[in-house]
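**Q** Take a look at the following structure, please.
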């Protein structure tokens, strides 16, 4: 989300060097192309290579995580051209390139070379006419083509260079091409032989030094010693201009802001080496350092770097960018948990942005405040909370549309949908909003918003109990749209998938899935915490079901200790905590916990589904204590709300709880009818725990029904048969969860049923299984 | 420059005059010298104020002088800025002069005399300065700084010859003679033999070599001069002295890439020496990047306001950019620095000629011609001025002078020899025609034709032939006229004209001798 603020960061007007020896070699290659020395089949690879180096900074050509190539090494050029035949028979393009490079035999020749580049550009006055190229003529570039612009920039930068810098470039160039001397010599010796000797081949670097020994004082004075030259040759290959460094830094910032990742360590090191070798540091570097420190969770370091950056850029960007500094500070503070401080900073941002009439910044700040309010309602002062009602969202929507901030508009639509869902409002409205957002994403090509939209869509499907569609949504996003998505969305989608898998009872698979997440994505502390929370949660659930209470307690403590930021996770963890209490038969504690949780959610206007789940948990707790009827009104209310909000899995759970209450009231047939009718939908939810509960209730209902018809043996047997059938199914479901206690209970029931049906052998078998399960084998 | 030469003076002094500081002033002197070395001139001067021993006294005044120079530099404006001029002066000068006079009256000291000369020279009191300096070098000839100052006083060959009589017979005097003659473009056998003799004594001296090269340059023997400079550069790559002259030579020889190379060497040695800046400026000028070249010349002047060649070259660049007024100012400043630079005089003349202020131009050409009496270029320019001012007789004289200059230079130099010759000849002829002296005109036109075997047909010769053909035709010498016209036609020059003439003469011949 921070990218909007960042895309406004202006380029530093550092007047650094643009030209490097590598760029000169690239220019030489371009001139070869212009002079039609490159035959048609080789044009595409050569031009691809050239373009890769010219438009690298646009980022589009490069896959996620690979830096733009800054150094144009001779090896790369050689690899590209050494196998390609040129238009001159018997010579490869590489030979011609070497010739071009070695033809520059003095500084003046280099000067000529650069100045003459202008002749490769089409004359704008003649550009009107269609240009038909005749044989042997140069093919010209238009002035505004990519290569044309490159040539113009190169000549401009060269003419801007003071003489001393230009000679440095020349010396760098000499060192750069030095390694090709043997190849050039060899190639030209053969040329000498074949043409019968054209005289000694000029191989010295500078024609004015020809004939002087390499250790002549004049040679040493100009180009250093021979050994130095070799060393410099290596250095010159790594020679990068300020422009290149800025490109690299911009790439890093882009990576970190758009995708939210940190740059791989190896690249960080190489960049550091480059920056260390230079006297002048581009200011953007501090920003990169800030981002890096931020992502790695170094609070103090990131503050220091951010201030450093804004101090150094003060003179170039004025106070107009004060709001961006504040914005960054606010986000930073929020990330480190200083919520109140962050709110204050953001308010300041809003005020400053208003003063400066910076609509983009204002909108972004408001949107951020809105989200922050949603996430941490307890930290928001009343003023803000009041402002952050529905109106602010629609305001934001309108403003975003007005100022053409499509990304923000799309996000606002999503927020609207989310709000509708949490407040149990019309599902249709939510769908409409998602669709609007999706439309915007598609028509305006907002790649990095697709993730949020699909994850939200998936959560809507979960709420509707269409588990398969929910899975599919996440999978689709992860396989097809991952390229330009922010890492945050990627991690979220992956965690959600794992969680959905865990619901089916396939804990190991879910954990595997989490383990296999790309380590690059977890480089940022925040996402790592998110990911770790989900892992812990899944493990906690598994242990709870398996009855490994000690391990569960340990896991729970860990989760509670971590300050997990996601409200949904908090609720989930608290519910698990209640479960643990229940398993330990600490019913009163569980009840207390649930009550406070319900109050908290009420106060913060939390997600409706969480609130319903707490209510139902309470009802279940009461049922466990044998006072199921007490939960009747709660259950009924939950069911009514769930129905209205179309929270189907919760509705089903409510029905199961209700049926259980009915069973307590000896209304077996009604209870059975209530659940039996919705069983197909329940199975569709693919929630093993829900299935287990429902089937268990059905068993109880059938057995109860059988109890009512004890006089009619046939009917009773029929009911018992159904009960047995369902016991087996239920056994499988609990088996998935690894819930041995529940399985043992089922076997107990089975044994009793068989006892009633007087199937002694089967009864004994079931009893034995029960005992075995209880023993824990 | 001043700082450097002064410090050499001090070290020399250190070597020879150890006993010239009394023991009680030794400490003070050392302290002051240290201050002086870190460029805290005022402080140094204060420390040794009132000292009587000659070394300390000299240091006191010299430091004061340097402090004044420093302040003067700080007060002066940007080079060629709106307020830039020679208005700022060293405010310490009157005080120093007064003190020096009292001290010299008591006791004559060679270094104080030198300083006295410098101060007087700054106040443009050249006669007294000359005497003081001559006395100083007579007492102690190894103070080259004094010779350097003396050099600026000798403004003509006569001055030099007079000075040679006043000066002591000493080795250094010969060096001085070579330098002074070289700067005055006064090249003769005597100077050459002097250089040869000195070279025998100091075979490795790069200074002597560069003097020889410069002498050759003045004789327009560019190749030889270039060779010598090449040698110097190879034997001492870090030497920057006179490299700006070398770059001028390369400029004239149109050797651009060599010039680039020299610039590279200079820039590698020291980017911030006026010589380096001049070389680079020349290079950019040659690449027709005049704005850049002006930038470098300005930098040279910022580094040393008295750097002569930079002023002149800056003027040339302004001429290229058609900024005549700036050019005039630059040339003027060059002349103010050193009145011996004929290029600046000539440049001024050119600038005024562009502005069509011929009388002014004439004056400056005359000054240039006085410095280079054998340079035909000066005389030709002067003649052109006369021509424009409608003074044909003077113009003819000047042109003739230009011709004679040429013939003397022709032996060594093929540059503009004959080509200029033919042009000049035609100009003279046309001027004679104007003053109605056809016989002279014919004479010069015929002279022009004589150059044909050497040069082949060219425009000037064609003009001459055409003129002669017309002349002969008018004199009814039709045979010659026809022959000339036919030649002209065959050479493919002035085709229309010559064809018409051939036809015309043919008709006349037919009329005269009808078949």
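Cβ coordinates are placed from backbone N, Cα and C, and glycine is handled just like the others.
Here TrEMBL flags B:11-213 as domain 'Cdc23'. Annotated repeat 'TPR' per TrEMBL: B:274-307, B:308-341, B:342-375, B:376-409, in sequence order.
What's the neighbourhood like for these features in this structure?
**A** Taken together, the residues of the repeat 'TPR' (B:274-307) have an average pLDDT of 91.
Here the repeat 'TPR' (B:308-341) is broken down by DSSP into helix, strand and coil counts: 27 helix, 0 strand, 7 coil.
Beyond the repeat 'TPR' (B:342-375), the same-chain residues lying 6 or more positions past its ends with a Cβ under 8 Å from any Cβ of the stretch are 184-185, 311-312, 315-316, 319, 324, 327-328, 331-332, 334-335, 381-382, 384-386, 388-389, 405, 408-409.
Across the range of the repeat 'TPR' (B:376-409), the DSSP-based residue counts are 31 helix, 0 strand, 3 coil.
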**Q** Over the span of the repeat 'TPR' (B:342-375), count residues by DSSP class, listing helix, strand and coil in order.
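**A** Residue counts in helix, strand and coil order: 27 helix, 0 strand, 7 coil.
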**Q** Counting by DSSP, what is the helix, strand and coil composition of the repeat 'TPR' (B:274-307)?
**A** 27 helix, 0 strand, 7 coil
